[in-house]
Amino acid sequence: MSKDVAADIPVAEAPAKRAPLNKYALACAILASMNSILLGYDVSVMSGAQIFMKKDLKITDRQIEILAGIINIFSLVGSLAAGRTSDWIGRRYTMVLAAVIFFAGALIMGLAPSYAVLMVGRFVAGVGVGYALMIAPVYTAEVAPTSARGLLTSFPEVFINTGVLLGYISNYAFHSLPVHISWRAMFLAGAVPPVFLAIGVLAMPESPRWLVMQGRIGDARRVLQKTSDSPEEAAERLADIKSAVGIPEGISDDSDEVVAIARKSKGADGKGVLRDLLLRPTPPVRRILIACLGLQFFQQASGIDSVVLYSPRVFETAGIKSDANTLGATISVGATKTLFILVATFFLDRVGRRPLLLTSAGGMVVSLLTLASALHVISGRAPANGATALSGVSIASVLTFVASFSIGMGPIAWVYSSEIFPLRLRAQGCALGTAMNRIMSGAITMSFYSLSDKITLAGSFYLYASVAAAGWVFMFCFLPETRGRSLEDTEMLFGGGDDPGKEDGHGHTKSTQLTTPYSAVTTPTQH
């Protein structure tokens, strides 16, 4: 080979070494995400508590169905209020508020003397769940460095699954108590974590993005220096956030001018954001909102909460009859769901969001079809004619379903939604996504018994499989990859952001920016 030819061959370069995980950002993400334990615990503990509540309070399946699912509708109050609250008092104190509210709800449910008081407890706990579910991924996404944002922002789902497992363990641990005590002990145990969570959250720093929106640049700089992979990244992140808020370079930190600009910036106090999201969205904002709402819709409409909440009924139909064996089998559901969430946690920033989402949805479709087919055959056979073998297929299908959900649809719906909104729309945009998630969860869990009575248990899972298949198509067509993008940069994937290479009809530089910074409002020469 000639020297000239050899010179033209590019030299292979070793791939860049991944930055070590920032331990301070990791600690912040863990503390913030532990709020999500409350949701997982409440959903799963109800699956076992309902067996004993039905006997103790003499209530019907329909009343159980409403009681189990209504918390998701009640959580709308919290999730919608959390966006405005977190813009007003900050992300950190919003998490404290969530823990306090849930603590009160758990006490009311555990001490409730009647069905009506139980419903009051579900309302209070639901508001706390709504707050926690919305604020944890937003805070984590805003604190995490770009290199580990997928990993850290998936933590809320990790702790939801941890809560699910703890709820199932609580069911099994207290099931041998007297009927009138067992279900109360299950609910009262849920009042313990919020106490420690509220204390732990107070040790966390505030979100640097919220601090900038309040004009507290010096405080934001100090947080970013602790949560970034390098001083250069900290400076770059701060510059991007200041640009998104509309604070020009060259103004001293925390000066009166900075505070005035930040407070006048649209969205600093949450005002006008819903109008720009729902009534007058730009085309990129509309696409972002559709992506967020669609992903949250399909996450719940595919039936995950029905499987988690009513798995004892599914296992009973599959041939497991005793309460102890049924509750023991549900622990395997919680353990599988928690174990496989680690797949997403460790591969989100390596593989990307889209491959995991599509793999997850595909696995869910196959699992649901298998489960529905097994239950259909079981319903038409006597146990001696093969239902025992099919029981194993049913249980395996439930486990593969929750495993498939956990590697993609579960955590990435929250990761993705918290990444794609621009700064001033992020809190309330994520609140709308959370509201969609809770509406669908409530609709699914409150209709499961009625639906299975109408179209059979197998028919219900065939329906969920078709929804999951539609979700796969939606994600394939509408969700771009966000791995490796900064939060201020992801808007360009949906057609937003400045493109200096384009000009409008008047010879000026054209901007497709999603948000209008304060400096652009006050400077007439900018577009």
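Residue positions begin at 1 at the first shown residue.
Placed from the backbone N, Cα and C atoms, the Cβ positions cover glycine too.
As annotated by TrEMBL, transmembrane segment applies to 24-44 (among others).
Annotation source TrEMBL lists domain 'Major facilitator superfamily (MFS) profile' at 28-483.
Look at TrEMBL and you will find 64-83 (among others) tagged as transmembrane segment.
Sequence-remote contacts of a segment are chain residues at least 6 beyond its ends whose Cβ falls under 8 Å from one of its Cβ atoms, and for the transmembrane segment (95-113) they are 32, 35, 38, 78, 82, 85, 89, 120-129, 131-132, 135-136, 139, 184-188, 190-191, 194-195, 197-198, 201-202. Per TrEMBL, transmembrane segment is recorded for 95-113 (among others).
According to TrEMBL, the feature transmembrane segment maps to 119-139 (among others). Panel annotation: around the transmembrane segment (119-139), residues 28, 32-33, 35-36, 38-39, 42, 67, 70-83, 85-86, 91-92, 94-95, 97-110, 112, 153, 155-156, 187, 194, 207, 414-415, 417-418, 426-427, 430-431, 434, 437-438 of the same chain, lying at least six beyond its termini, place a Cβ under 8 Å from a Cβ of the stretch.
The annotation transmembrane segment is assigned in TrEMBL to 151-169 (among others).
Below 8 angstroms of C-beta separation, residues 28, 31-32, 34-35, 37-38, 41-42, 45, 48-50, 52-53, 56, 92, 95-96, 99-100, 102-103, 106-107, 109-112, 121, 128, 167, 170-171, 174-175 of the same chain, each at least six residues beyond the ends of the transmembrane segment (181-204), sit close to that stretch. Annotation comment: TrEMBL describes 181-204 (among others) as transmembrane segment.
Sequence-remote contacts of a segment are chain residues at least 6 beyond its ends whose Cβ falls under 8 Å from one of its Cβ atoms, and for the transmembrane segment (329-348) they are 44, 47-48, 150-151, 154-155, 157-158, 161-162, 164-169, 171-172, 307-308, 311-312, 315, 320, 356, 395, 398-399, 402-408, 410-412, 415, 483. What TrEMBL lists as transmembrane segment is 329-348 (among others).
Long-range neighbours of the transmembrane segment (355-378) within the same chain, counting only residues 6 or more positions beyond its ends whose Cβ lies under 8 Å from a Cβ of the stretch, are 298, 302-303, 314, 317-319, 344, 347-348, 386-387, 390-391, 393-394, 397-398, 400-401, 403-410, 412, 416, 456-462, 464-465, 468-469, 471-472, 475-476, 479. Taken from TrEMBL, the feature transmembrane segment covers 355-378 (among others).
The transmembrane segment annotation in TrEMBL covers 390-417 (among others). Proximity of distant same-chain residues to the transmembrane segment (390-417), defined by a Cβ-Cβ separation under 8 Å and at least 6 residues beyond the stretch ends, is recorded for 137, 141, 149-150, 153-154, 156-158, 160-161, 291-292, 295-296, 298-299, 302, 304, 307-308, 311, 314-315, 317-320, 329, 332-333, 336-341, 343-345, 348, 353, 356-364, 366-368, 370-371, 374-375, 377-378, 381, 429-430, 433, 437, 471, 479, 482.
The transmembrane segment feature in TrEMBL is assigned to 461-479 (among others).
The region 'Disordered' annotation in TrEMBL covers 494-527.
Marked as compositional bias 'Polar residues' by TrEMBL: 510-527.
Nonlocal intrachain contacts for the transmembrane segment (151-169), taken as residues 6+ away from its ends with a CB within less than 8 angstroms of a stretch CB, comprise 21, 25-26, 29-30, 32-48, 133, 136-137, 140-141, 143-144, 186, 190, 308, 327, 330-331, 333-335, 337-338, 341-342, 344-346, 348-349, 406, 410-412, 414-415, 418-419. A mean pLDDT of 85 is what the model gives for the domain 'Major facilitator superfamily (MFS) profile' (28-483).
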